[in-house]
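What TrEMBL records for 25-43, 55-74, 128-149, 170-188, 208-228, 235-255, 275-294 is transmembrane segment.
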Amino acid sequence: MGIFDRVLSKNTVMEGLGPAIKPTLVYNGIFMFAVLFDVVAWWDALMHQNVFQAGVLILFNMMCIAYSVIQAYGNGSLRSRSPFGSIKYEEAAEALIDEFELIRTPGFKELAEISKMTVKNNIGYLELTMITVTSAVTLFLMVVAYPLYRQTAWQFYERLGADKQLRRMNFEYLTLNSLLKLDTFFFLSYTVQMISLVLRDSNAGTTVRAMLCIPISVIIISLGFVGARWENRKVMLVFIGGLVLGMGYMLFELIHMSLYQGKSVNPYEFSSDFLYFFSAATMVLVLLSLYYAFRCYRNFGKGLHLARAYSSSNTNAMTEDQNNHDNWLAMEDNHAPSKPVVNGQ
């Protein structure tokens, strides 16, 4: 039995608080994962000079701001109410710390003292700081994205030429690829929430749907990458059908979640706000992915695949020629005769 479960089994206050604390822990973990995902995605965009992915990531950062606001609201709502009506959040948290002190585990006494100081302070300042920092970083990235656009615009012109149709098709292709990366994050995050927060109190149908969501989502998104990259019409049609099914699944879960509102037994009681946010964000991304998937499907066979392959091979050839030229200059410098010494100089 884990430490958290041992505490819940020892204290009736914590038995009521447990379902309320767990969403906070899960959503803090998701926010940290979002920050890590954002850093890796921005690194990928800068390494490949993908200005379209940078634009999509700015949208993702705005979603992170909205998420942090909802998280602050959710934590404030949690602090203002008891899991079962009469006991305040701070009192129950103190009970949790007292139970930690009873557990004879090295390091828990120090953890309890630090936790008491944290509980007594107003964590609203921490939430406000999180919102402010996320907003400032988003503004900074928007400023950085503009010179990136100016730099890469000419490179796209050099690689694909002056054909406006090719550049438009390339824009749609890169935008779809960037959206698919966000789809991966939101589908996985939504499923993690369902598995960790809802399944304990849900029926078998919800359990089966949540467990199947991860592998099916990964397969569908992978088909999108493959179909768009190689202009495979059959794979792309399967991907589009999978997106339609995904939209239907999200709508079904929204309706299913709304049916529990106001009931005495509600497995979504402490997680509904976050699930509504993730559902809405995921459906918006699915709709955008559907639009650009249709656009890419219509662009198949119009020369984009060949143009990208040619520009890639041409770029590699130019890089190889430049490297050979640099190596030749280095060899010439090494074999150049030394300058004779005159008058001891």
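Glycine too: its Cβ is placed from the backbone N, Cα and C atoms.
No curator has checked TrEMBL annotations; they are predicted automatically.
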Among the ranges 25-43, 170-188, 208-228, the one whose Cβ pairs under 8 Å to the transmembrane segment (275-294) are most numerous: 170-188
For the transmembrane segment (208-228), sequence-distant contacts whose Cβ falls under 8 Å of one of its Cβ atoms, 6 or more beyond its ends: 173, 176-177, 180, 183-184, 187-188, 190-191, 194-195, 198-199, 235-236, 238-239, 242-243, 245-246, 249, 253, 289, 293, 296
Which of 55-74, 128-149, 170-188, 235-255 contacts the transmembrane segment (25-43) most, counting Cβ pairs under 8 Å: 55-74
Long-range Cβ neighbours of the transmembrane segment (170-188) (under 8 Å; 6 or more residues past either end): 34, 37, 41, 50, 52-53, 55-57, 59-60, 156, 160, 213-214, 217-218, 221, 224-225, 228, 246, 278, 281-282, 285-286, 288-289, 292-293, 295-296, 299, 304, 307-308
Beyond the flanks of the transmembrane segment (235-255) by 6 or more, those residues with Cβ under 8 Å of it: 187, 194, 209, 213, 216-217, 219-220, 223-224, 226-228, 275-276, 279, 282-283, 286-287, 289-290, 293-294, 296-297, 300
Tertiary contacts of the transmembrane segment (128-149) (same chain, 6+ residues out, Cβ under 8 Å): 31, 42, 45-46, 49, 51, 54-55, 57-58, 61-62, 64-65, 68-69, 71-72
